[in-house]
Amino acid sequence: MTKDIIAYANNETLVDTQSFNNDTNLTPIYFDNSKESLEVIRHSCAHLMAQAIKSLYPEAKFFVGPVIEDGFYYDFRVDSKISEEDLSKIEKKMKELAEAKLDITKYELSKAEVKEKFANDDLKQEVLLRIPDGKVSIYKQGEFEDLCRGPHVPNTKYLRFFKLTRVAGAYLGGDEKREMLTRIYGTAFADKESLNEYLKIIEEAKKRDHRKLGNEMKLFAFDDEIGGGLPIWLSNGAKLRSKLEHLLYKAHRLRGYEPVRGPELLKADAWKISGHYANYKENMYFTQIDEQEYGIKPMNCVGHIKIYQSDVRSYRDLPLKFFEYGVVHRHEKSGVLHGLFRVREFTQDDAHIFCMPSQIKEQVLEILSFVDTLMKAFGFDYEMEISTRPAKAIGDDEIWDIATNALKQALDEQGLKYGIDEGGGAFYGPKIDIKITDALKRKWQCGTIQVDFNLPSRFKLEYTDADNEKKQPVMLHRAILGSFERFIGILIEHCAGELPFFIAPTQVAIVPISQNHHEYAKEIAKKLLELGIDSEVYSKNESLNKKIRTAEKAHVPMILVLGDEEVANKSVALRDRRAKEQKTLTLDEFITLTKEKLSEVRF
C-alpha cells in the first residue's frame, strides 16, 4: 500500500484521486507519513470517527472535523454524555468500518440544494453559513456523508492505524455564548510503528505536563474566584522568574538596551493611532475613566513609542534600544486557555529598537545572535520562519515588501535556513518567528523579530540625519522568550521538571538527620543565600528517607545530608541529582562547586 496514490498536490492545494484528470501539473501523494499524506489520512480518519459515532449514536449531528497539528478532531452533538471510557467503543467500530473497505466518493451540489438536503440538521446549516456560494462538495462512505472540501483517501482500508486520544467540550464556532458541543481528538498514521512511537511521546508528555509538575513543585496556581487564564505565582515560581529576569536584565544591558516602563492603561485614542483599535480590538480589554475610553495594553510598543517621542533624537542616538518586562493582557476565549501556554495575562521580555534603514540588517543579526545564545543555554534546538502580510493589515504593499526583504536578506547573508508562513505576520509588519524544539520533538513558537515602518509613520516619529534633515526611523519589535509564562511552561516540560541549576527555585535541599544538626544546616543556608543561591532546610520531624523523597519530588538539583560526621568535619554528603552522583565534600569545596555551577551560564 505504500506505493498507492491517495491524493494529488497542485502547488499547495491537495486534490483527491477522483478529481485527477491526467493533469501533468499534479504531483502524486503516496500512502506514507509525509506531511501531505498525513493531512489526507487524518482528514479521512476524522470522517471515519464520525461514521462510527453516527452508527453508535444515531441521533448524533456533526459540525466540523478539521486536521490539526499531530491529528484531528470532530465537534458534534449527542444526547448522552461521552467520556474517555467510550473511546475504545468508538475505536472498535472505526476498525470494523476500516476493515469493510468502503469506497469514499465525492459529489457536488449547489448551496441551495445542500441547504434543502440537510434542512433538519441545524449544525449543517451552521457549516453552510461559513461556506462561500457555489458548488459544495460532499464525501460519502457507506451510509455516512458529510460536507467537506476534502481531499480524502479513496477507501477506508487506508485507515487502520489510529488512536482517539481525548474527549473535551467545545463551544459552537468557538463562541462562548453558544452551546457546548462534544469534541473528540485523535491521530492517525500510515503504519503501526509511527503510531506507537507517537503514543509513547504522548504518554511521556502527560508525565511532563507543566500543570502537573508546576503543582508538585509549588510554582504556580489558578483559582476560579480570580478568573481563568490568570496565573498566581507562588514563592517557588516567583523565585524561578526572578532568577530568569535577573539574568536577562544583565544580558540586555551588556548589549546596549536601556530599561524602560510604559503604562498598563492607555487612552483609546493611542490605540486608534496605532491601528490596534481597528485591527486588534477584539483581543483587548477596555474600560471608561472620567467618561473617556481606555484600553489595557495587549502589547508594549505604543508605550515605547511615546518614550522615543519624549526627547529630540539624532542619527547619532541610533540605534536606540528600549526593553522592559511588560505585563500585557489579551482576551482569550475560555476554551483555548491552557495552563501557562495560553493565558490572559502574561509578561513579555519585550524590546523595541529604533534605527535607520541602513541599520536593519545589522540589528536583526545581533538579535539572532542573542537568540542563539539563549537557546543554547537552555538546551533548545530552534528554527526560524518568516511570516508575511496577513489579510488584515495596515500600510501599503511597497512598505511591506521592503520590510519582508530586509528580514530575508539578513537570514540569507548568514546562510540561515528559514520557512515562509504566508499571511502569518502581525497587522503592522512582517516578522521572524523563533520556533524551538523540545525534548519530545514538539515545536513551540516563542520569540519574534518584526520590522515595522507603519507605526513610526502613524506616530510621526523623527530623527535628524547627518544633513540636519528630518527622517523617519524604522522600528524593530523583538521578544526572545516571547512570554515568561509560556517559556517557563515549555522549559518545565522540556526538562521534565529538572530545571537548570542556575534558575531552579530551590537549588539546594539541606537535610539534617536530627535536631543536633539543624544549626549547621542553617549556617550553610546563610552562606548559600549570600551567594544568591536559594536553599531550604528540611527540618520537619520526619524520617531521613521521607525528607529526601520530598526534595526529589520537588526536583531540587542538589541534596545535602548532614549528620554527626559532617558537623564534626565541616563537610557535606552531596547528592547531585543532575549529575547522578553522590560524594562527600568539605563545605568550602561545595561552595566552590555551586559558584562554578552559576558561572557556567553566560547570556
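From the backbone N, Cα and C atoms, a Cβ is placed for every residue, glycine too.
According to Swiss-Prot, the Zn(2+) binding site annotation covers Cys301, His352, His477, on the basis of sequence analysis. His352 (Zn(2+) binding site) falls within a strand segment according to DSSP.
The region 'Catalytic' annotation in Swiss-Prot covers 209-500 and rests on sequence analysis.
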Among the binding-site residues His352, His477, point out the residue whose Cβ has the most other Cβ atoms within 10 Å, with all shown protein chains included in the count. His352
Same-chain shell around Zn(2+) excluding Cys301, His352, His477, C-beta within 8 angstroms of the CB centroid, reads Met299, Asn300, His304, Ile305, Asp350, Ala351, Gln450, Asp452, Leu455, Met475, Leu476, Arg478
Does anything in the same chain, at least 6 positions from Cys301 (Zn(2+) binding site), have a Cβ under 8 Å from its Cβ, and if so what? Ser274, His352, Asp452, Leu455, Met475, His477
Determine the mean pLDDT over the region 'Catalytic' (209-500), rounding to the nearest whole number. 94
